[in-house]
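Notes to accompany the following structure.
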Amino acid sequence: FIMEISGPKITLKHLKINNDGTLSFAYFSKALTGAYMKSSITQIERRFDLSSTHIGLIDGSFEMGNLLFLAAVSHFGAKLHRPRLIAVGCFLMAVGAFLTGLTHFFMGRCNTSLPHQTSVTFALCVVAACVRESSSNMWIYVFLGNALRGIGETPVTPLGISYIDDFSKAENSPFYIACLQTITLLGPMFGFLLGSYCAKLYVDIGYVDMESVTITPRDSRWVGAWWMGFFVSSVLLLTSSIPFWFLPRSLKLGQKRSVATTTSTSQKSLKVHRNTFSMRIKVVIFFVFVYVCTECLCAGFLPSLKRLVGTPAYFLLLCGSILKFNSFIGMFTFKAKYMEQQFGQSASRANFLIGVLNLPAVAVGIFLGGLLMKRYKLSVVSGAQLSFATSFLAYLLLLLQFGTKCDNLPVAGLTISYNGTPGISYNREMLFSECNSDCSCSAEEWDPVCSDSGITYISPCLAGCLTSSGHGKHTLFHNCSCVSESYPPGSSMSVRLGQCPHAKSCSRSFTSYMAISVLSSFINSLGATPGYMVIIRCIAPELKSLALGIQAMVTRTLGGIPAPVYFGALIDSTCLKWSIKKCGGRGACRMYDSDMFIFLGLITCLSGSAYFFIIAVIVLLRRQFQKSDGETATQKPKSSREIELQVPSDPPDATNASNDPPNQSQAPKV
């Protein structure tokens with residue numbers, strides 16, 4: 001490819017095709033990296049022992065870095081060498097992804113299993129903390145790497161599409177952009193599949209004996225090899241940046257290239273002088289431009305912004321978009337976590353199902369929505385109604401997901417008492433009972449064991465176990481005094497490592513949840529394209545660019561940054577058992593209250609509030625177009641009446657016309 005575009009026989013057609021291919025690969029790579037970051041949220045949370053609030057802050061750092069330079073790059077980027085700016089952006093994204101993955105090697109190894117200490121009176125599992133005291137703030141590097149990736153993404157989207165559109169024929173530009181968007185949709189799917197694969201692998205794979213690891217991927221302490229995917233993403237982004245360094249500033253220059261071009265020495269000297277003079281002129285123009293922009297800001301931009309915000313339909317649609325975008329970002333960030341906590345799925349399986357089922361349904365829905373818009377040539381009002389109908393139907397399906405929840409796992413001292421009575425407890429003292437009062441157990445430990453009765457105990461010590469047998473994952477604990485309190489006499493008093501699985505009814509609920517989720521995603525995406533077209537058509541043509549820019553900036557500022565943070569904070573409020581860091585302080589949550597897990601409730605409230613604004617937009621558009629249709633209808637009879645009045649005043653006989661001049665002079669006035 002590099003040889004082709006650097007050779008003398010390059011043509012404009014080859015450049016356009018290659019440019020579209022390189023842009024598609026860059027878009028694919030950045031979409032894959034963003035989706036992989038979402039899929040690794042749980043792994044990063046456990047590796048750095050963070051709360052969901054901190055994870056939301058890390059996730060929002062991408063939008064912070066992106067919005068920091070978005071306006072400047074979008075405005076000045078078109079005046080510079082756009083391919084090289086895109087190359088710089090891809091390189092920065094590669095560095096950001098590499099820095100995020102490199103953080104793993106700055107930390108110590110993740111020790112989640114040590115030999116179980118056994119004595120004649122109690123058996124206590126001591127779990128070493130995953131974060132060393134000296135590396136407790138290493139998550140800041142992940143924050144900075146994600147922010148750097150956001151900065152690098154800034155020039156890719158606006159400059160890439162404009163580069164294609166400017167140097168393509170009008171009939172070919174939609175095809176090139178459609179190919180670009182289609183390939184981009186594959187990025188999130190492969191990103192979640194990559195996250196699924198890496199979540200299966202242990203974080204210190206290659207450094208530890210896997211037989212010594214006593215936990216499974218379904219355990220809340222399991223940490224997958226999250227860092228591997230960021231290195232893969234970094235390589236893809238770095239590769240995608242290489243071709244852009246060799247693309248010309250303008251594709252039209254390719255038409256003027258010839259195979260054999262000779263330039264004399266005098267022409268070269270003249271060219272150097274011209275370039276020097278041109279550079280000086282550009283510097284002067286730049287300072288004049290800055291001065292003019294400063295002086296004319298209030299006279300140009302602010303009145304346009306005031307006029308745009310003063311458009312009722314656009315303002316209401318913007319408010320609805322902010323609420324919808326908040327619900328979407330919160331759902332997309334913590335959907336895999338919800339599937340883990342609510343249905344007992346592993347992070348690997350949750351990411352796999354999202355990548356294979358949900359995202360392809362969204363892609364098909366967006367495509368069919370645009371096809372419907374083109375096939376039936378929907379008006380602005382019809383497009384708004386279609387967007388509202390599909391979105392509201394998806395909202396009703398979302399309400400059905402409340403019936404697919406699973407009950408809390410029976411955990412002694414948390415969701416059930418030691419004698420088997422159900423009840424949620426946030427009291428630390430409820431973890432102790434008469435059966436384990438003589439064991440000197442620690443309430444901070446989380447090394448769950450499962451009894452044959454289906455009740456989970458936080459640790460072998462709190463289960464009152466005295467002896468153990470076996471090794472590694474096959475370790476069994478015997479003579480557990482607390483097990484006898486909630487199980488019939490004469491039954492087994494042994495427990496095994498790990499949490500008890502959910503009931504079989506939970507598997508059926510999960511199947512129903514996924515079916516509703518996929519169907520809801522498909523129906524909701526059907527109205528995405530019509531809703532986008534409503535924004536463009538409900539305002540004056542000269543304000544379209546400003547309207548789309550303001551919408552992107554406001555929704556990402558008020559949705560992309562705060563939504564993960566407050567979603568994470570509200571999720572943290574339902575935590576029943578926190579881990580404790582080695583140097584003290586609250587770490588990651590080990591278990592949530594499924595009945596109070598407000599993930600779906602928050603999404604429902606945000607989406608439901610948005611429909612008030614959308615309904616108001618439809619009402620306004622109907623009135624607006626009915627009024628315009630009424631004015632058109634009144635103008636038609638008026639014009640026909642004018643014709644009738646003019647016919648008798650313009651007789652075909654020229655003699656009559658000359659004999660009656662007053663009628664002739666009055667005819668134009670009528």
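Cβ atoms are placed via backbone N, Cα and C, with glycine included.
Noted in TrEMBL for the protein shown:
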type	residues	note
COMPBIAS	655-670	compositional bias 'Polar residues'
DOMAIN	19-619	domain 'Major facilitator superfamily (MFS) profile'
DOMAIN	429-484	domain 'Kazal-like'
REGION	629-670	region 'Disordered'
TRANSMEM	85-107	transmembrane segment
TRANSMEM	175-203	transmembrane segment
TRANSMEM	223-247	transmembrane segment
TRANSMEM	283-302	transmembrane segment
TRANSMEM	314-332	transmembrane segment
TRANSMEM	352-372	transmembrane segment
TRANSMEM	378-400	transmembrane segment
TRANSMEM	513-535	transmembrane segment
TRANSMEM	596-621	transmembrane segment
Range from 85-107, 223-247, 314-332, 352-372, 513-535 with the greatest count of C-beta pairs under 8 A to the transmembrane segment (378-400): 513-535
Whole-number mean of pLDDT values that fall within the domain 'Major facilitator superfamily (MFS) profile' (19-619): 78
Selected stretch (most C-beta pairs under 8 A with the transmembrane segment (596-621)) from 85-107, 223-247, 314-332, 352-372, 513-535: 314-332
Residues in the domain 'Kazal-like' (429-484) grouped by DSSP into helix, strand and remaining coil: 8 helix, 11 strand, 37 coil
Within-chain partners of the transmembrane segment (513-535) [C-beta distance under 8 Å, separation at least 6 from its ends]: 314, 317, 339, 343, 353, 357-358, 361-366, 368-370, 372-373, 378, 380, 382-384, 386-391, 393-394, 397-398, 400-401, 404, 547-548, 551, 617, 621
Two-stretch contact, the transmembrane segment (223-247) and the transmembrane segment (314-332), at least three Cβ pairs under 8 Å: no
